[in-house]
């Protein structure tokens, strides 16, 4: 029985139900009397949230029913593997890149991030690892800043000065 | 007839042909690169048209517009990263087809159907522009709501064997679409004080995140060196006559839908492609196959979005009202030459108008060649190992998301959607309903609320109006039929997660 309750669909449904319940309380603030007429700013989100709660219950119900009837494979215990580690590293790499981008700038940070990412994805050809990131970054910087006038992040301090050499 | 001769002379002069062909090629290239699009391209070209005569300048802008509308589908098919919003739906079936080793075929269908859609709409524009403009102006809020509702019912079919999960995802998409300033009351909704959310969640950012970043995270988890497709036939392969005949009703229906939606001011090619896809699913004998990589799933949105591009020129040329973002920019192109698009232009400068019609015919035909050239260039990237391609896609996705409003907030939103896309893929939730709801959520909500106010809060009035009533009735009937047939034949499929991967 416990296995059924731990099915991914059930966990997702419970999370969605709880979040919807919380958001309903947030949304109610927008219904401030009759200023906006009968269909105020809270009307549509409220309808959507009720539907999410209803459908969450439906998904959880069908999932539990499926596990109990044996038509859906039961829950398997989470096991730590190298796949989890690679996924975690990829997420950390992306998050770190986005966090540092405003401070280090696109020109300096992007090749470093690409090298790390290529290595993480299993690339071992050193020539490619140390050429493609620099060529691509330079190409993108020139295309987006010189031709399309997109102000890519330049960074701060010394990185800003480096970026100013190109754009 | 004399006007046509003048137009012929204008368009087929060597210089004009050079600009038209160059414009189409440039448009396709711009469309294919995520973060760049035909709107940006036409805006950047306007200053260059100063130096040209009005006719040549406007022909160039029209050519970029035609090419750019198609270009986005190349990257959508090859990498699941749509180069432009109009091509978002094309990736639903285009990418699975490319993954199955049929990238050339998928591109061939996209190019040919884009050309057909474009030619159809220009033909219609040429013949009955003023009449169509009047029909477009008769559309009001209930009709817009009916259109959005009809497209949203597509989720029932898109979910395949997991209708409940598909609708759950769809409603989450509708909720996300409510984030930001409510356009009717000005109230900030669900922003939690973060200024990055005030403008709402841009659907192209969400799309790049859910598809491209989600895919990269999935691949990172799999690990090891993933080889490129060394043996894949990368050259564009046009569908045979027999294959096209199988698609004929789908293409015709999509061309009509695209043209009509394109004419509606402010709706545009993106919505047209979603509605076209939903109607293709609705009328298909095998709706369950959509999303798995079938020709119909590429033909419908590609025909529709290019037809909409032509359609959007109708209100522009006949009324001076832009039908899309790019046509709004093209108005600027008219203005720098001292021209005001509208009914008077047909009377005062008929040769210019007919030159634009003719240039759009030529552009759509030349798109066949430009599409093949650019597709060939981009196809070669599929031969590259994912360990190299993945980081490159990530960088383009980041720049593409950033370039939409030059804001890091969009990049963070892209990342959040990447994680969401990863979770959804891992636990077998379809991403398509989320994107469809995100695109159409705003239109559905606003048109419902405005329409209700207009009709004195009487929902029945939506059904009693001839156009909205018909659209709603057909949408409702087909939705109920889909529901009924699923419950009758395979009741378990409402939940059906037979092959659901476990946690």
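Glycine is no exception: its Cβ is also placed from the backbone N, Cα and C atoms.
The feature domain 'DUF112' is assigned by TrEMBL to B:17-436. For B:12-36, B:56-79, B:106-124, B:144-160, B:167-186, B:192-217, B:254-277, B:352-374, B:386-409, B:429-448, B:460-484, the entry in TrEMBL reads transmembrane segment.
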When you check the transmembrane segment (B:192-217) against the transmembrane segment (B:429-448), do you get at least 3 Cβ pairs under 8 Å, counting only pairs 6 or more apart in sequence?
yes
The transmembrane segment (B:167-186) versus listed stretches B:106-124, B:352-374, B:429-448: most Cβ pairs under 8 Å
B:429-448
Quick one: average pLDDT across the domain 'DUF112' (B:17-436), no decimals.
84
Same-chain residues near the transmembrane segment (B:460-484), Cβ under 8 Å, at least 6 residues beyond its ends
138-140, 142-143, 145-147, 149-150, 153, 156-157, 163, 282, 287, 451
